[in-house]
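Q: According to TrEMBL, the record shows the following:
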BINDING   E72, D87, I89, D221  Mg(2+) 1 binding site
BINDING   D90  Mg(2+) 2 binding site
Amino acid sequence: MPYMPDYLDDLRLAHVLADAADAATMARFKALDLKVETKPDMTPVSEADKAAEELIRGQLQRARPRDAILGEEYGVEGTGPRRWVIDPIDGTKNYVRGVPVWATLISLMEAGEDGFQPVVGLVAAPALGRRWWAAKGYGAFTGRSLTSANRIHVSRVGKLADASFAYSSLSGWEEQGRLGGFLDLTRQVWRTRAYGDFWPYMMVAEGSVDICAEPELSLWDMAANAIIVTEAGGTFTGIDGRPGPHSGNAAASNGLLHDELLGYLNPRH
């Protein structure tokens, strides 16, 4: 691991938070008595989502009392130039059905000239036995801990005809009037797979998928993914081309294919 004078302590804390969240979420994964409710936006939330976020918030309040916190289940708390962004379980629908593709997403964002941007990100997928993380300027890694890790990098595929494209559901593209362009894109690439949630972004970062996109997302869905993809050498923007996780949707790539990806998905291109 390279020396990280600015963010090493924050990365260490992110791992501590993830360790605690992993224990809490795995303890209730596939539990027959798991309690699941429906939120006002008609998405599910389990008792494990709430417990994991409460756990992370409690530790952050003790370790970083001056930092703000934004979480999917409990909203914003605090103000200031540093904000932790938490998705306690990204992929709750998978979690409640016993599918192991879900993760806790933890990101630290800092205020700058371009607003809040992620500077630390960690994705912990304990049911898969995987973890990824990154810090601004120091690369992206996968492994069990800071001291047991391998650096990751995006692919070098330069043609859509050779590219693997990951996406989520079709309905969102149709609702936004982008389904035609989306389908045109699927006809141009070598391979398509519907993965969804954090998983395709980590595969872009590792170089096993070349492009991915989702039509509707929240900040907590994207912040950790964005810094990991970019520190792995890739590009993460909204479908409108705006860099970072602020557009309400996402397009991620190895960088070489990004303009073409946006060209199919963004009607303005």
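Even glycines carry a Cβ here, placed using N, Cα and C.
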Q: For each of the binding-site residues (E72, D90), count the other CB atoms lying within 10 A of its CB, then report the residue with the highest count.
A: D90
Q: Within 10 Å of each Cβ, count the other Cβ atoms, then let me know which of the binding-site residues D87, I89, D221 comes out lowest.
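A: Comparing Cβ neighbour counts within 10 Å for the binding-site residues D87, I89, D221 gives D221.
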Q: For D221 (Mg(2+) 1 binding site), which of the three DSSP-derived states applies: helix, strand, or coil?
A: helix
Q: Please report the distance from the Cα of D90 (Mg(2+) 2 binding site) to the Cα of E72 (Mg(2+) 1 binding site), rounded to the nearest angstrom.
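A: Between the alpha carbons of D90 (Mg(2+) 2 binding site) and E72 (Mg(2+) 1 binding site) there are 10 Å.
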Q: Beyond E72, D87, I89, D221, what residues of that chain have CB atoms within 8 A of the centre of the Mg(2+) 1 site's CB atoms?
A: D49, I86, P88, D90, T92, L105, S218, W220
